[in-house]
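Feature annotations, reproduced from Swiss-Prot:
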CROSSLNK  754  ubiquitin cross-link
REPEAT    54-77  repeat 'LRR 1'
REPEAT    78-101  repeat 'LRR 2'
REPEAT    126-150  repeat 'LRR 4'
REPEAT    151-175  repeat 'LRR 5'
REPEAT    200-223  repeat 'LRR 7'
REPEAT    224-250  repeat 'LRR 8'
REPEAT    251-278  repeat 'LRR 9'
REPEAT    279-308  repeat 'LRR 10'
REPEAT    338-361  repeat 'LRR 12'
REPEAT    362-388  repeat 'LRR 13'
REPEAT    415-437  repeat 'LRR 15'
REPEAT    479-500  repeat 'LRR 18'
MOTIF     761-778  motif 'ATG16L1-binding motif'
SIGNAL    1-20  signal peptide
SITE      349  site 'Interaction with bacterial lipopeptide'
C-alpha cells in the first residue's frame, strides 16, 4: 500500500470509531433518576460506558447475542435489568457478579440452551427472575436457585424443548408468590420436585397434556394457594381419588385458562372439587367445552355438591355444539352452596327457572355481555328463584324496557344492587316498580335522555353516566353517591334534592363554573369529581378555586383534570395555574379609574389650553388649512384692492374719515378694502377675511389698544400672520395709531413681535405738521 494512503486509512478508522462510540452513547436514553431505556434500538451488544448511576436498564427487543463479564461490572447500583426478546445465546459465568443490588432480572425469550447457577450466586436480593422462552431442556445439572433466598417470582420453561423437571431443580426455594412453568411438552416429572417449596401463592402451569398433572398436584396440593392451568387439553384427564384423598390440602382457587374439556373430563374436574376440600373459588376463562352437556351417563348424580366451592366464574366459554347442548339439569343439585356466579360473554340467553330455584345460597350473579332479554328474564327470575340474591349484573344484554325489567325483578325480595348498564332503554317511563330493598342502580350507557320518578326512592347509589341527560331534578332523599359523568349537564344538581349526598361524579359534562355557595349547599359532600368540563375561568371562579386550600381534599382529580376552556389566552391551562389581568378581574374599578383619568386629562387640557391659548392655535390651524387648500398667491389679475385695512371698530373714525379720505381721494387714488362696505353679505366672516386679504396687494393693520382687544382683528391678524410667514413676503403694513407696549401684543404672535423689533412701522404723529409726511410714507409703502 502506498505511503500516501496510510494517513487516510488512519483518519477513516478514527472517524468510524468515533461514530460507533456516538451510536452507542445515543442508543440509551437515561433520566436523572438513573432509569435507562434502550428498547428496540437494534443493538447487537450491551452499550459501553454504563456507570454506577444506572439503576434500571431496559435493553429488551434488540439483537444482543452475548453478555460478557465486563459489560455490567460498573453497574453496582443496578436494581432492574431487562434483557428479554434478544438473541442471547451466551452469558459468561461472572456477567452478573457485580450486580449485588439487583432485584429484577428478565432473560426471557432468548436462545439460552444451558443455564448456570454461577450467574446467580451473588444475586442475594433478587426478587424476580424470568427465564421463559429459551432453548434449554432442563434447569441444569445443579440447583439453579439455591443462592436466591429472597426470590418471590420465578418463570421458567418453554413451549417446545423443556421436557424434564427433576427433584433438585427448585431446591433452596421455600416461598414464592408466583411460579410459572411453561412445559407444554413435559415428558418427565420426578416426584417431589416441587415439594421442596414450602409455600406457593400462585402456580401457573402450561401443560399441553394432563398426563403428569395429578403427579404435580400431589406435590403441591398442601403448599399451594392458587393453581392456574393454561393451554391444556383435558380430553383424557382422569382423576384418581386415592392419590389425594388422605392428604391435607391448602388450594383455595383453581383457574382454567384456555383449557379444553369434554363431558367426561368435566366430571373428573368436578370430582377434584370434592376431594380438594379447600377450593372455594373456580374460574374458567376462554375455555372450550367439546360436549353436549350429557352428564347423566357419567355418574355425576353420585356427586352431591361442588365441595366447598362458593365462587364460580366463567368467561368466554366456547361450546362448538351449542345447539345440541342439553339443559344441564343433572348439575342443578350441585349448586346449592354456590354464593357468587359470574358467566360473562358466553352467549347465555336463559337461566332455567329450575336452576334459579336450586341456587338457594346465591348472593351475587353476573350475566354481563350475554343475550338476556325481558322474555327470558321472566323465566329466569321466576317465583322462588335466587331467594338470597343481593347483586344482579345484567350489563350489556338485550334489555329494552326499563319498566318491564323492574317489574320482572319484583320476585327478588333481597335484591339491593342492580346493574343494567349498556342496554338500549332509550327512555324512562314516569313510574316503575322495583324490589323493595333496592339501594344501588347502574343505568350508565343506556342512552336515556331524561330521568323521571321511575327511579326508586330507596336508592343510595345511582350511576347514570354516559347518557344524554341535560338536567337532574329528581328528589332522592337517601341518595349518598351520584355518578352522572359524560352527560350534557350545564350546572351542578340542586342540593335540596339530594340532602345526604356525599360522593358525586360529574366529570366531562358541559359545566362552565360552580361556586363556593353551591358546594357548601351539599352539607355532607366529601368527594367531588368534576374534571374534564368546559370551565369559563372568570375572576370569581379562579379566586374561589385558587383560594380554597381544602378544595383539593374534595376534588379527587384536582388539579390536573380541571382546565380552562375560555378566555382563549388561558385555554388548556389548569385552574390552579391560570392568571387573569387586572383589567379582566376589576373591570368596574378600571373603567372608573379610566373615566377619572380622562376627566382629569380633559380638565388639565382645558386649563392648559386656556393658559397657553390652545383654542387659538386650533382656530388658526383650521384657518391655515383652509387657506392651504387655495392657491398660495392669487394671480395678478385677481388683485382687486391696493390694501385691505384691518382695524378696530372703535378706531373706525380715524380710518374712515382720515385714511380713506387721504388715500382714495389722492391722485391717482388707492382702492382700499374695508369690512363694512366690501365684505360680501351672507358669506362666512372668516372666508370674507381670507378672500379680502388674498385679493389685496397689501394688508394694513391699524394697531391700537382697541385692536389688540378685538376678536375679529385677531382673526385678520392671524391669517395675515400665516400669509406673511408662509408666503415669505412683505404684504403687511403696520400703523401704530397710538403708543402701545409691545408686551401687550399676545405671545402667540411671535413672528409679528419679531417684525416689530426688526422692521420699521408707521407711527401716527399727533403733531399736525408731521402728518403730511406720514401719508407720504404710507402711500409709498402701499406702492412698494
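The backbone N, Cα and C atoms fix where each Cβ goes, and this holds for glycine too.
Residue counts for the repeat 'LRR 1' (54-77) by DSSP state, with H, G and I taken as helix and E and B as strand, are 0 helix, 5 strand, 19 coil. Long-range Cβ proximity for residue 349 (site 'Interaction with bacterial lipopeptide'), meaning a same-chain Cβ under 8 A and a gap of 6 or more residues, is found for 370, 371, 372, 373, 376. Per-class residue totals from DSSP over the motif 'ATG16L1-binding motif' (761-778), listed helix then strand then coil: 11 helix, 2 strand, 5 coil. Within its own chain, the repeat 'LRR 2' (78-101) is flanked in space by residues 54-69, 71-72, 107-113, 116, 118-125, 130, which lie at least six positions past its ends and keep a Cβ under 8 Å from the stretch.
Within the same chain, residues 654, 662-663, 703, 733-739 sit at least 6 positions outside the motif 'ATG16L1-binding motif' (761-778) and bring their C-beta atoms closer than 8 Å to a C-beta of that stretch. Taken together, the residues in the repeat 'LRR 18' (479-500) have a mean pLDDT of 95 on the 0 to 100 scale. Under 8 Å from some Cβ of the repeat 'LRR 12' (338-361) lie the Cβ atoms of residues 306, 309-317, 319, 322, 327-329, 332, 367-373, 376, 379-382, 384-389, all in the same chain and six or more residues away from its ends. Residue counts of the repeat 'LRR 5' (151-175) by helix, strand and coil are 0 helix, 9 strand, 16 coil (DSSP-based).
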